[in-house]
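Novice: Structure incoming, see below.
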Amino acid sequence: MTRRRSTSGTSSRSSTDSGLSVDTAYLEDNKHNNFANGTSGLTDETKYRDVEDAEADVDEPFLPTSSKKLGSGSRTRQIFWALVILCLGGWVLALVLFLTHGRASSQTASETLQQQESDSGSTSAGRPVTLQQVLTGSWNPRAHAISWIAGPDGEDGLLVQRAEVDKEGYMRVDDIRSQEGDDVDSQSGRILIDKAAVRVNGETLMPTFTWPSPDLNKVLLMSNHEKNWRYSFTGRYWIFDVATQTAQPLDPSVPDGRVQLALWSPSSDAVVFVRDNNMYLRKLSSESVVSITKDGGEDLFYGIPDWVYEEEVITDKSVTWWSNDGKYVAFLRTNESAVPEFPVQYFVSRPSGKRPPPGLENYPEVRQIKYPKAGSPNPVVNLLFYDVEKDEVFPVDVPDDFPDDDRIIIEVLWASEGKVIVRATNRESDRVKVFLIDTKSRTGKLVRFEDIANLDGGWVEPSHYTKFIPADPSNGRPDDGYIDTVIHDGYDHLAYFTPLDNPDPIMLTTGEWEVVEAPSAVDLRRGIVYFVATKESPTQRHVYRVHLDGSNLQALTDTSKPGFYDVSFSDGAGYALLSYNGPSVPWQAIINTGGDEITFEKTIEKNPRLASMVETYALPTEIYQNVTIDGFTLQLVERRPPHFNPAKKYPVVFQLYNGPTSQRVDRKFTIDFQSYIASNLGYIVVTLDARGTGYSGRKVRCAVRGNLGHYEAHDQITTAKMWAKKPYVDETRMAIWGWSYGGFMTLKVLEQDAGETFQYGMAVAPVTDWRFYDSVYTERYMHTPEHNPSGYENSTITNVSALSKATRFLLIHGASDDNVHIQNTLTFVDKLDLLNVQNYDMHFYPDSDHNIYFHNAHFMIYERLSNWLINAFNGEWHQIANPVPEDSIWDSVKRSVPAFAH
């Protein structure tokens, strides 16, 4: 599932959803900009719809227009009655303000609602946030990524940089210690590539990606990049020699071949690569290439994942792993011959880049994707090994393995002396087996088994953060081991398993909080484990360290105030790039973690431009709260417009995603579409992380298993009813919207609510029947359709009669969505047609995938969402027969009496 974004910030902010090769340099911009450049109909000069008490209510954009036609009498009579109504309205308004103000003052908090904190420092003065700013990334923090690299002689703190203006050489390796303080030695680094343009056999190459060899004597270059799926791509690969500054094709016999993956050996003497779904080995001592496999093809993949493994299991382009000593290569063999195909049509573009045969120019291009839907055959995946010295491929049979049709391999980790740790789950992801394989003896055994279905009824998410801990008797580690994330008392925590076959770990962390993508790094010399966790709050992230025996847990970041941190460590964990991502304006710094005290060595980003914008724009105020529903404590943020007046009535928009393990309520700094709605349109925006979401423990997370949509919708509706009772909320103007899983949830809420609480909804790229979505994701949370037929039926959007009771809803889908297929929306619309349900609008974007970008679509869709929402809260959708908004009385008066226009 996509659109895994988060939402939060300080008083003025909310928030926006990598493995890094050395193509990204230290101090290189890494803006994570999800928006394409372009233009929008809104500008910074767009009139701000303020909500100050001194302004006339009729100027507010969300007030409904009249739904009755004005009489056809004389203009004078019209003006007279308009003035009478205005005077009467003013008297009534004064009375209402008095009563509501008193009510607001005397209101007591609901026992089910517990406010954590109110960020009250939002900027109320200044211009509103514009949609164009949001879509073009004007509010995105400037961020940098460091490509840490291990030194060939064990040096720590080395990093790769590209194209620094104050340093010579296109690509270089620097020691972070040479940059401490203000006196940076610009000549201290080692140049790997002198010039960006590389000449090879008379051809000029502009590398897209670069990967230095571990000994830093060679660089793997990639040019002619072509995107495949979310993480995968192809290109032409070259081996660049640092000493001579010359390059040659990775495979001299096929210089124009498109390579899908290439990886250096740890000993820097060979490259394993995949081309046309087969694996090859190029030893640098020879220009010839060795074929590791020969039968790869359309349905058989070696070393790279198919679509569903790339999307839902590995979240990477590689399923190939070198052993630490470079003697073996482990890789997956993926057979998807039994997986059914789904056709994705392109009506405008031709992504293949191929000209159609004569006579077929007017037919759409069709891409057939092997896409296993829930209940259909999965790809069969097996782990194979290649002995480099013997030039031999072999499997290792292990006892108690899952059957071929019930196996998902989620992680492969090399240990020492040819040993491998393999984690696998069953098809429904609720039984985990950990195997220890010895490639020298070609034997294996089961060393751990976790029956999660019986433990808490939940599931396990694929993760790839397990760390190998080599033996070091002189440092108190007599045996090899590894650190893994396990379930402990209902929360995700770090466990240290040693020796490798020991199923009983040393718990490094415990408590009612969770580690996140952990561990981040391990300092083997000092025996310290670094990790990020939610120890202070589910909405926060702080960096911690703990010793390998589980003692002396310490925070590296300031936990006395809300914070959302991320961190990347040098190879030896002696240095780190610390990124503060909110709630205030983000910053980044290099820190030294090698001593007992953490010291700041160099601040590399303060985002001064963003800090200036925060001071000059009218930003929403964010109120973070807890909501308790049916005994579950859930996280919520309410975004209030600038100049919020509790005596007024505001429309409310609920924005949600709510996919299993996801999070939208966090303390990141983000100015996004929700911020625009609150700042510019003057609406309140509420986001609730309902049951099923992540980082609040497994009780909250696993409650939705087998029945997606039911409890999440109940939580959203229950919370909306709480808000509808608030004195500052207009209960007649409440909407909900979401994208992807959020689109599914929007329809599920409208179905369950049946017009009682929400009048409007906007669903983008929604799943409408989980039998249409991919098997790996769906069955993890729903079991198979065979095992849970009633759950699938309950989760399907079927009660269209209930949706007809909403005032109106909007459906949007990309016509070439390869993730959530347009089949979902079309079959749902057929149900609407059968019962003559007409209270909806629909829009398709040609050739757009799940992100909806093709041909200006990304700007179009957000403008459409914004305008549709304005029309909804202005009452236009009440006029089903005539959806063109009529003039309000005030507009008629302004045209009749010029003085009123000013």
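Note: Cβ is positioned from N, Cα and C throughout, glycine not excepted.
The following feature annotations were taken from Swiss-Prot:
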REGION    1-23  region 'Disordered'
TOPO_DOM  1-78  topological domain 'Cytoplasmic'
COMPBIAS  7-21  compositional bias 'Low complexity'
REGION    53-72  region 'Disordered'
TRANSMEM  79-99  transmembrane segment
TOPO_DOM  100-902  topological domain 'Vacuolar'
CARBOHYD  Asn335  N-linked glycosylation site
CARBOHYD  Asn626  N-linked glycosylation site
ACT_SITE  Ser740  active site, charge relay system
CARBOHYD  Asn794  N-linked glycosylation site
CARBOHYD  Asn799  N-linked glycosylation site
ACT_SITE  Asp817  active site, charge relay system
ACT_SITE  His850  active site, charge relay system
Novice: Hey, how far is Asn626 (N-linked glycosylation site) from Ser740 (active site, charge relay system), Cα to Cα, in Å?
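Specialist: A Cα-Cα distance of 25 Å.
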Novice: Within its own chain, what residues at least 6 apart in sequence put their Cβ under 8 Å from the Cβ of Asn794 (N-linked glycosylation site), listed in sequence order?
Specialist: Asn707, Gly709, His710
Novice: Among Asn335, Asn626, Ser740, all listed as recorded positions, which has the most CB atoms within 10 Å of its CB?
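Specialist: Sorting the candidates by Cβ neighbours within 10 Å, the top entry is Ser740.
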Novice: Helix, strand or coil for His850 (active site, charge relay system)? Use DSSP.
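Specialist: Assignment for His850 (active site, charge relay system) reads coil.
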Novice: Just to be sure I understand the packing, how many Cβ atoms besides its own are within 10 Å of the Cβ of Asp817 (active site, charge relay system)?
Specialist: 23
Novice: Take the C-alpha atoms of Ser740 (active site, charge relay system) and His850 (active site, charge relay system) and report the distance between them in angstrom, rounded.
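Specialist: Taking the Cα atoms only, Ser740 (active site, charge relay system) lies 8 Å from His850 (active site, charge relay system).
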Novice: For His850 (active site, charge relay system), identify the closest of the recorded positions Asn335, Asn799, Asp817, judging by Cα separation.
Specialist: Asp817
Novice: For Asp817 (active site, charge relay system) and Asn335 (N-linked glycosylation site), what Cα-Cα distance in Å is obtained after rounding to a whole number?
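Specialist: A Cα-Cα distance of 24 Å.
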Novice: Which residues, sitting 6 or more apart from Asn799 (N-linked glycosylation site) on the same chain, put a CB under 8 Å from its CB?
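Specialist: Asn799 (N-linked glycosylation site) has long-range Cβ partners Glu751, Ala754.
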Novice: Provide the three-state secondary structure of Asn794 (N-linked glycosylation site) computed with DSSP.
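Specialist: Assignment for Asn794 (N-linked glycosylation site) reads helix.
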